[in-house]
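Peer 1: So Swiss-Prot lists these for the protein:
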type     : residues             : note
SIGNAL   : 1-23                 : signal peptide
DOMAIN   : 24-338               : domain 'Peptidase M14'
DISULFID : CYS42-CYS104         : disulfide bond
BINDING  : HIS86, GLU89, HIS216 : Zn(2+) binding site
DISULFID : CYS271-CYS311        : disulfide bond
ACT_SITE : GLU308               : active site, proton donor/acceptor
CARBOHYD : THR400               : O-linked glycosylation site
CARBOHYD : THR402               : O-linked glycosylation site
CARBOHYD : THR409               : O-linked glycosylation site
REGION   : 418-457              : region 'Disordered'
Amino acid sequence: MPDLPSAFLPLLLLSKFVTPVTFRHHRYDDLVRTLYKVHNQCPDITRLYNIGRSVKGRYLYVLEFSDYPGIHEPLEPEVKYVGNMHGNEVLGRELLLQLSEFLCEEFRNRNQRILRLIQDTRIHILPSMNPDGYEVAAAQGPNMSGYLVGRNNANGVDLNRNFPDLNTYFYYNSKNGGPNHHLPLPDNWKSQVEPETRAVIQWIRSLNFVLSANMHGGAVVANYPYDKSLEHRFRGPHRTSNSPTPDDELFQTLAKVYSYAHGWMHQGWNCGDYFPDGITNGASWYSLSKGMQDFNYLHTNCFEITLELSCDKFPRQEELQREWLGNREALIQFLEQVHQGIKGMVLDENSNNLTGAVISVTGINHDVTSGEHGDYFRLLLPGTYSVTAKAPGYDPKTVTVTVGPAGPTVVDFQLKRSSSQVYPVQRAPGRGQGGRAKQPRTSRKKDPATKRHRGPA
């Protein structure tokens, strides 16, 4: 493999093997063909799958990039991009198609930065969460007479106001005591949400996502949780109702990573509005209930932000190349942010993987849990932290760990069974526990230690 420092690699290199995605709007059939084309051009590092159907039966396709597609490798984080949640906000959809082609192309070009990203990260790209709404908006095209035409799904529901409301539950718990993570869903949640929302919820419950971005249009700003205001205020002339999460500093940093890598988002003045550093707390801008980014944070291990990417919800075709060039580096840098903080394995005395162990950081009232393979990921900024792992039936263990800026710090926990109480405990598949084991490809073997000690450059 040639030694090509990523700092000097141009991000956009044309490959003689890959036909680039053209800068045009892609209707549903065209989108599907494009995803299949990218998959066929890079079959060893991609998997195309669907997470469900829209109201009108269109598949919600996801393109996965990984050196072992379809398999979760312990200590390798999962990250996702979601586009076109509002059917008439289309730039995210087109950017994600361009990104898919770009990752495939640059992997084949042996771009060291992209090679490392795909080898150390499992990336899931959902270009269109609302294909039915898109088709309605696309029938009008950029010259829209109705600003909201196609925004909702085929049942007329705004999908970003359709997730179970967990904020109210969390705000109550914050004052009165109660869980601060993985808040439960109501028993009837499946009957209360739309097919597209249900598909996404089942998707994010099935994979241990660590980081995510959700793409919108109509402004240019990186929006971070919470979206729902404690004061129940709605959009108005004054932004005074900031509703920070316990991870507010981290979320601001994630938002700034995107805004400052973007061509112009960080400048602040865009679309006739001003956001310092090109970022905003969601509720400080305007409060919304039942949004997707708050749901990710309160119900799963995933940290999600919302990216408003264009003043025009449906940009003209001739603007797409400029938008891609303005977003390309930001899209890559944001994916790389999943490799920060701490990660590790939670084991019992016999070195069996433990799933569902709770990882707490002193001073941050938001916990994460270990996944079904016993691995956990906790995004943190550089600093020194006191971290505790605990599981029912085991004595908790606390360590002090220093997190640096160059990549994740590996912190494993081996928990001893409590002598005073005995509880049933879940053990994750693997290490003699069954389940689907990774079958390494002999042509691309990796040293397992690389998963523990490195992240993208």
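Backbone N, Cα and C atoms are what each Cβ position is placed from, and that goes for glycine too.
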Peer 1: Just jot down the residues in the same chain as CYS42 (disulfide bond), at least 6 apart in sequence, with C-beta under 8 A of its C-beta; none if empty.
Peer 2: LEU103, CYS104, PHE107, ARG108
Peer 1: Around the recorded Zn(2+) site, report the further residues of that chain (criterion: Cβ within 8 Å of the mean position of the Cβ atoms of HIS86, GLU89, HIS216; site residues excluded), sequence-ordered.
Peer 2: ASN84, MET85, GLY87, ASN88, GLY92, ARG151, ASN160, MET215, GLY217, GLY218, GLU308, LYS313
Peer 1: Filter the recorded positions GLU89, HIS216, THR402, THR409 down to those whose C-alpha lies within 10 angstroms of the C-alpha of the residue listed as 'active site, proton donor/acceptor'; answer none if the list is empty.
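Peer 2: Within 10 Å of the residue listed as 'active site, proton donor/acceptor': GLU89, HIS216.
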Peer 1: Restricting to the binding-site residues HIS86, GLU89, HIS216, which ones have a CA within 10 Å of the CA of CYS271 (disulfide bond)?
Peer 2: none
Peer 1: Considering every residue in the domain 'Peptidase M14' (24-338), what is the mean pLDDT value?
Peer 2: 94
Peer 1: Please report the Cα separation of CYS311 (disulfide bond) and HIS86 (Zn(2+) binding site) in Å, rounded to an integer.
Peer 2: 14
Peer 1: Please report the Cα separation of THR402 (O-linked glycosylation site) and HIS216 (Zn(2+) binding site) in Å, rounded to an integer.
Peer 2: 36
Peer 1: Below 8 Å Cβ to Cβ and six or more residues apart, same chain only. Which residues does that give for HIS216 (Zn(2+) binding site)?
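Peer 2: Same-chain residues close to HIS216 (Zn(2+) binding site) (Cβ under 8 Å, separated by 6 or more) are MET85, HIS86, GLU89, GLY92, ASN160, THR306, LEU307, GLU308, LEU309.
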Peer 1: Which ones in the same chain are close to THR400 (O-linked glycosylation site), with CB under 8 Å and 6+ residues apart in sequence?
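Peer 2: Listed in sequence order, they are THR384, TYR385, SER386, VAL387.
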